[in-house]
């Protein structure tokens, strides 16, 4: 259970899901400051009074294409301090790459099904609020399936790939160690190897860069 | 082979064509006479009955009489035209009542043309045929019989007069062959002209042929389009209705789990939660089979990529389709790739698979190639058979090349526009 109270703006056009999300967030002790049904309304309320977090659906009226995503991009450009969690009905990497290309954390991309796992969902929310990057495990699985053998990731061992995949889910070292049933020191060693093999720029958040490299294949 | 080609042949006189010409011309006599009697009779009857309305109603039946005459005449023309005359009438739409069928035929231009032909046949053609063929047959028979006739009687043929059998025989030998030659060619020309007239008036016009073809294509396209619209509607319904409710249900169950103490009640809620999620997964799979949302939103490449990502084997994807294509085409292409990949995963024992797509001169071409065992067939109860029909309606094709031992290569082609 989260220890702090986040102020959240919710954008979701289905009334049913909006209410469901609101009651989950409410139950977890967060403040749902506004709940809107389209991208323009989202931008308007966020600009007026920036919240800690924005949770938005991808498809919303009027066009039912990627209004939520465009609103999210605009918010990220104007108010980078706001954490953004995007909910999508299905895996489409067209969404994912446009979301992750320009960003350095504080962002999440989850399938709507995930919301039903309330505890996990609230944990993801927390990680995004802390500046982490969270990508839905199912999305990660599908992207992994597509991985070609000539990318920068070909240098990694299977175990290192596994660790990287868990990083992409937004887990910290302790959680990864727990998941793989190894010591945290072992995980730290793997993470160090990953950073070295991917030749990541020291100036950036290497954890985020590694995950982005991973997701781009 | 037509009578015109036969006339130019040196073997014309010993072929069956002179006799066919006679037969065609002579049969046109009863046919023409019956036609004109029926037509004039009907016209007179309707004129008489016109005060009581039924006569006027009868007039509308005339094109149908024409259609019947046309039907008989097209068959009779088979004597002169080896290929016969193709029917100019449009194919009747399915599911019409007898009355609607008659109305349909009555309104066809081809029926009116056939009626016109009936009058021409009844007024000009058969008297002409009767005159030439009748006269010619009479002269020919008389000439053949001249030794017998001249034997018992004095016989005058034009400028000649014959009194004895010998004279008659001489006449037969001297006059018969030249007359046969001249009359055969003359009647061949007349019969050929009549058959050509019949073909011109009773056969299909070029635009009728094209119209029929275009109508057929149009209606098939409409059907495909209607199916597509319906699929999208069903998908939307499931997506916006049932699916949202199921997500809502999993949320509620998720919340309930948090509040319940450990025990039987909580165990049941957790079970219900996972069952609701299974239902959601099933529903999602079903929706994908009907019409995937990602196809509507993001087009062919994104949708195919999603399918490829779900495959148990690595799939290399190279699609360069610059623009969005019309819905039915995108859907057909999507389902072809989707079905092909499913078959590869199920039967091919392949380790890799490659999907390539491009647009070549306004045609969408997609190939799916694996490195499996081959031996795949289109007709062998695969889901691809239905897709062949679907592609066909769009003007596209699907070919499978799968020698035993592999590899299998599937290639689909489809115009990028609907109904061009």
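Any Cβ shown, glycine's included, is placed from N, Cα and C.
Some features that TrEMBL has for this protein:
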type	residues	note
TRANSMEM	B:21-46	transmembrane segment
DOMAIN	B:24-202	domain 'Putative sensor'
TRANSMEM	B:52-72	transmembrane segment
TRANSMEM	B:115-148	transmembrane segment
TRANSMEM	B:168-191	transmembrane segment
DOMAIN	B:333-415	domain 'Histidine kinase/HSP90-like ATPase'
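For the domain 'Putative sensor' (B:24-202), the model's pLDDT averages out at 81. For the transmembrane segment (B:115-148), the list of distant contacts is 22, 25-26, 28-29, 31-33, 35-37, 39-40, 62-63, 65-67, 69-70, 73, 155, 157, 162, 165-166, 168-169, 171-172, 175-176, 179-180, 183, 186-187, 190, 194, 197-198, 201-202: same-chain residues at least six beyond its ends, Cβ to Cβ under 8 Å. Secondary structure of the domain 'Histidine kinase/HSP90-like ATPase' (B:333-415) per DSSP, as helix, strand and coil residue counts: 26 helix, 28 strand, 29 coil.
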